[in-house]
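According to TrEMBL, the protein carries these features:
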SIGNAL    1-26  signal peptide
DOMAIN    27-323  domain 'Plant heme peroxidase family profile'
DISULFID  Cys37-Cys117  disulfide bond
SITE      Arg64  site 'Transition state stabilizer'
ACT_SITE  His68  active site, proton acceptor
BINDING   Asp69, Val72, Gly74, Asp76, Ser78, Glu90  Ca(2+) 1 binding site
DISULFID  Cys70-Cys75  disulfide bond
DISULFID  Cys123-Cys319  disulfide bond
BINDING   Pro165  substrate binding site
BINDING   His195  heme b binding site
BINDING   Thr196, Asp243  Ca(2+) 2 binding site
DISULFID  Cys202-Cys228  disulfide bond
Amino acid sequence: MEFSSSPSSFLLKYAIVMFFIGVVSAQLSTNFYSSSCPKLLPTVKSAVQSAISKEARMGASLLRLHFHDCFVNGCDGSILLDDTSSFIGEKRAAPNFRSARGYEVVDNIKSAVEAACPGVVSCADILAISARDSVAILGGPTWNVKLGRRDSRTASQAAANNSIPPPTSSLSALISSFSAAGLSAKDMIALSGSHTIGQARCTSFRPRIYNETNNLDASFATSKRSNCPRASGSGDDNLAPLDIQSPTKFNNDYYKNLINKKGLLHSDQQLFNGGSADSTVRQYSSNPRQFSADFAAAMIKMGDNKPLTGSSGEIRKNCRKRN
């Protein structure tokens, strides 16, 4: 490359070159660890399969960890950090406290990955791979996970409280929350289909089954009340499946439930409540292939949310604490 003799011109051109090098190096890619950790994907899949074999619900829990990580300052593994003297982490934030789970499974996966290739793979990437494997193992779609994220060295309880949509959310609030994570309304409807697996605590659905009458199947509400008392503080941790038909199989039953007024959470039923999401819910309820394709595409898009790359952050040795 030919530069002019002017020092300022040289510095400008050097800065431009370095900028583009940085842009290229900062991009996530599906083959990021192909040479540095060739056994990564089978190592993670084996550990996820083992965990789900012991408890089918764990697939939903691992998927949820990736969601709750990506919604709070990007996909950076911050949800996995324990509190320190310098910050209060995300584990005790309202959307996660006594609800987010699977941390010990992530520890096991990380240990297996560290044994295969020490100090190479981030906890944020482990969450992304584990989410994909969980969905596929439970009968859902698969996709090529983009990798190359690095781990945050801090976490924020306040950001978790503000960024993760609560189960009381309206449709407009859901659209807004997902938009803040770089996701469209259609992405939101597809990703909400993750509630085809997993369970929810009584505290999350109590207001719906006792206070709502519109767009709620009466017999469904009655059946849920038997395991979720009206009084707060009683049975708060009792669980109910988010999808009453097939709670451990990843399929499109979630959308069929919404059409039948059997969404467990208020935020679920908002997707089929006479609003702009209705037509997409109908489409997914009758076209499982379209749902699977859109879900996979939206998961890749969510994984692109503000990752730390290049020299930012670090590769944690222990997912629970900074190096």
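Positions of Cβ are set from backbone N, Cα and C atoms, glycine also.
Sequence-distant neighbours of the residue listed as 'heme b binding site' (same chain, 6+ apart, CB under 8 A from its CB) are Leu242, Asp243, Tyr254, Leu264, Leu265, Asp268. Separation of the C-alpha atoms of Glu90 (Ca(2+) 1 binding site) and Cys75 (disulfide bond): 13 Å, rounded to the nearest whole number. In sequence order, His68, Asp69 are the recorded positions from Cys37, Arg64, His68, Asp69, Thr196, Cys202 with a C-alpha within 10 Å of the C-alpha of Cys75 (disulfide bond).
Of the recorded residues, Arg64 (site 'Transition state stabilizer') and Cys319 (disulfide bond) place their C-alpha atoms 16 Å from one another. Taken as a whole, the domain 'Plant heme peroxidase family profile' (27-323) shows an average pLDDT of 97 in this prediction. Under a cutoff of 8 A between CB atoms, and with a sequence separation of 6+ in the same chain, the neighbours of Gly74 (Ca(2+) 1 binding site) are Asn305, Lys306, Pro307, Leu308.
Among the recorded positions Cys37, Ser78, Cys228, the residue whose Cα lies closest in space to that of Pro165 (substrate binding site) is Ser78. Between the recorded positions Cys37, Val72, Cys228, the minimum number of other C-beta atoms within 10 Å of a residue's C-beta occurs at Cys37. The residues near the Ca(2+) 1 site, meaning same-chain residues not in Asp69, Val72, Gly74, Asp76, Ser78, Glu90 whose C-beta sits within 8 angstroms of the mean position of the site's C-beta atoms, are His68, Cys70, Phe71, Asn73, Cys75, Gly77, Ile79, Ala124, Ser152, Ala155, Ala159, Ala160, in sequence order. Comparing Cβ neighbour counts within 10 Å across the disulfide-bonded residues Cys70, Cys75, Cys319, the minimum falls on Cys319. Of all the recorded positions listed here (Cys37, Asp76, Cys202, Cys319), Asp76 has the Cα closest to the Cα of the residue listed as 'active site, proton acceptor'. In sequence order, Asn227, Cys228, Pro229, Gly235, Asp236, Asp237, Asn238, Leu239, Ala240 are the residues near Cys202 (disulfide bond), counting only same-chain partners six or more apart with C-beta under 8 A. A 10 Å cutoff on Cβ-Cβ distances gives the residue listed as 'active site, proton acceptor' a total of 22 other Cβ atoms nearby, all chains included. Taking the C-alpha positions, the distance from Cys319 (disulfide bond) to Ser78 (Ca(2+) 1 binding site) comes to 9 Å. Here the CA atom of Cys37 (disulfide bond) lies 27 Å from the CA atom of Val72 (Ca(2+) 1 binding site).
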